Amino acid sequence: MNKQSWLLNLSLLKTHPAFRAVFLARFISIVSLGLLGVAVPVQIQMMTHSTWQVGLSVTLTGGAMFVGLMVGGVLADRYERKKVILLARGTCGIGFIGLCLNALLPEPSLLAIYLLGLWDGFFASLGVTALLAATSALVGRENLMQAGAITMLTVRLGSVISPMIGGLLLATGGVAWNYGLAAAGTFITLLPLLSLPELPPPPQPLEHPLKSLLAGFRFLLASPLLGGLLTMASAVLVLYPALADNWQMSAAQIGFLYAAIPLGAAIGALTSGKLAHSARPGLLMLLSTLGSFLAIGLFGLMPMWILGVVCLALFGWLSAVSSLLQYTMLQTQTPEAMLGRINGLWTAQNVTGDAIGAALLGGLGAMMTPVASASASGFGLLIIGVLLLLVLVELRRFRQTPPQVTASDS
């Protein structure tokens with residue numbers, strides 16, 4: 001990568017076939033999950049007219065993901081990671097089929113939506129952890145920043161496309177189409193993943209799973225990179241259906257709300273060329289997080305939905321910068337034998353923030369207007385973020401030696 005370039009270098013997709021297969025599978029998977037992500041809150045909102053119920057579904061799914069990430073972290077450090085990935089994807093597809101069949105019933109079951117959310121949240125997180133742990137083996141640690149940015153770009157571009165498609169499907173065909181296409185896409189991802197080489201974990205002594213997990217906790221707590229970053233602001237999506245009523249948005253326009261954050265994040269990934277050369281990544285990560293919280297606070301105050309979309313896109317861009325820096329610092333400083341557990345714990349931190357935020361925002365939405373709920377969450381997190389900036393001294397002062405630019409990077 002040219003040292004002076006802000007643009008992302010995509011050469012890994014050409015030089016590493018296994019990473020290219022993961023890229024393709026992840027893109028298809030994210031598009032499929034995006035269709036699901038639009039359908040579930042809209043269906044629950046239509047059935048219950050309650051933001052609290054929408055928040056509960058996100059919280060339950062987040063809780064299942066937390067457990068799955070804990071289990072998946074241990075499994076990824078003990079067992080062949082390719083098998084874990086394939087198992088997780090296949091079982092998720094079964095859950096999506098269940099959601100589709102439930103939506104086709106004359107009176108869909110709300111309980112079934114909650115239970116299938118638990119199922120999909122648990123098994124999806126198993127695959128996420130194993131994929132993250134296998135990344136360094138697929139591309140080499142020297143390429144982790146580049147791989148992380150490409151991965152983020154894959155996720156965000158898929159997340160931009162799928163909500164808009166999902167919104168159009170909701171307006172024309174109903175939620176069953178979203179669920180059915182999500183299931184089909186999930187099973188299609190198995191095809192490129194089957195071409196992956198075996199991904200065995202590094203040799204290490206066998207120990208009790210809980211003891212193994214505690215070892216990961218101890219390492220993470222001893223790391224100066226424990227940022228304590230809160231991601232609750234991204235849980236504002238539980239208010240989208242209610243805010244759509246406030247802004248008098250159509251079903252198709254709701255999709256733009258869901259697409260705004262990943263669009264901003266995609267721009268952040270595309271312009272991440274210089275992030276690897278940041279001398280103080282910890283400080284940059286904290287400042288970008290503060291900016292993202294401010295964007296969420298302003299989001300709910302916008303008089304028109306299009307201005308709200310701009311605020312969400314800004315949040316996505318700043319969040320992308322923060323997430324990419326945190327990802328790279330953790331991956332490069334974590335021993336290979338602990339990558340599964342550390343990635344599981346790190347991702348669980350984000351999922352926990354989203355789940356707690358969804359529950360709080362759902363409750364606020366029941367007591368306050370959606371506009372007030374969104375603004376209160378953003379400005380509240382901004383205050384907490386300023387305190388974190390002052391308290392997390394080691395992270396704020398953390399310095400790294402910028403990587404040397406090689407001929408292959410130019």
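The backbone N, Cα and C atoms fix where each Cβ goes, glycine too.
Under the heading topological domain 'Cytoplasmic', Swiss-Prot lists 1-21, 77-83, 131-156, 200-218, 272-281, 331-350, 394-410. Among the features that Swiss-Prot reports, transmembrane segment is placed at 22-42, 56-76, 84-104, 110-130, 157-177, 179-199, 219-233, 251-271, 282-301, 308-330, 351-371, 373-393, with the record citing sequence analysis. Among the features that Swiss-Prot reports, topological domain 'Periplasmic' is placed at 43-55, 105-109, 234-250, 302-307.
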Exercise for the section: Examine the transmembrane segment (84-104) against the transmembrane segment (179-199) and state whether at least 3 Cβ pairs sit under 8 A, considering only residue pairs 6 or more apart. Expected result: yes
Fill in the blank from the handout: Spatial neighbours of the transmembrane segment (179-199) not adjacent in sequence (6+ beyond its ends, CB under 8 Å) are 17-18, 21-22, 24-26, 28-29, 31-33, 35-36, 39, 80-82, 85-86, 89-90, 92-93, 96-97, 99-100, 103, 130, 134, 137-138, 169
Exercise for the section: Six or more residues out from either end of the topological domain 'Periplasmic' (105-109), which same-chain residues have a Cβ under 8 Å from its Cβ atoms? Expected result: 43, 47
Fill in the blank from the handout: DSSP assigns the residues of the topological domain 'Periplasmic' (43-55) as 11 helix, 0 strand, 2 coil
Handout entry: Helix, strand and coil totals (DSSP H, G, I; E, B; other) for the topological domain 'Cytoplasmic' (331-350)
Key = 18 helix, 0 strand, 2 coil
Practice task
Take the transmembrane segment (22-42) and find every residue of the same chain, 6 or more past its ends, with a Cβ under 8 Å from one of its Cβ atoms.
Solution key: 13, 54, 57-58, 89, 96, 99, 103, 113, 117, 120, 124, 131, 138, 150-151, 154-155, 157-159, 161-163, 165-167, 169-170, 175, 178-179, 181-186, 188-193, 196, 237-238, 240-241, 251, 254-255, 258
